[in-house]
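Here is what TrEMBL records for this protein:
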| type | residues | note |
| --- | --- | --- |
| ACT_SITE | E85 | active site |
| ACT_SITE | C149 | active site |
Amino acid sequence: MEKPRRAVVVTGFGPFGEHAVNASWIAVQELEKLGLRDDVDLHVYEVPVEYQTVQRLIPALWKKHSPQLVVHVGVSGMATTVTLEKCGHNVGYKGLDNCRFCPGSQCCVEGGPECIDSVIDMDAVCRRVSALGLDVTVTISKDAGRYLCDFTYYTSLYQSRGRSAFVHVPPLGKPYSAEQLGRALQAIIEEMLQVLEHSEDKINCQHEH
């Protein structure tokens, strides 16, 4: 029987600060060239580093595509590995965006929970990707940084009840090339889909008994 087609949305960020070229968007474009498995329709978007745009765009992407999964990719100047973020945070947004704006409340969703975890088991994804023997090191984090990355992740987790993921990549050449980052994203997202489907199968089994 043919598998139903599933939509996956992957976003990268546009330029900001010292990142005139944002490695996250370059990596997502490399992923787009590689594609994902045959039953997946991949949709990629470049997200401006602007709080208010994120607040509009993320719900619109969920509404437009009804995706099985949304993966946001961001750059971290401090990262030297590809990092899977476990959760998004609601408060503490004081850094100004490209429009010199930051939320007056310094939070994503007023009255929302302090932290939302992804439904994806990032430890399992990290173990599985590491076992593939790629030339890229993958690690785990619980702090996406309280800037646009964290803000986007929380907004998406809130919108999707946890069906989102966030991946931080280092700047290009520090140490990985665009091609290496694209291949790493491909492997990570395919493992995320496997982990997500496995957990959904378990839930469905429980419902049937």
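Backbone N, Cα and C atoms are what each Cβ position is placed from, and that goes for glycine too.
What TrEMBL says about a protein is an automatic prediction, not a curated fact.
The two recorded residues, E85 (active site) and C149 (active site), have Cα atoms 10 Å apart. For C149 (active site), the same-chain residues 6+ apart in sequence whose C-beta sits under 8 angstroms from its C-beta are F13, H72, G74, S76, E85, F166, H168. Its own atom aside, the Cβ of E85 (active site) has 24 Cβ atoms within 10 angstroms in the protein chains shown.
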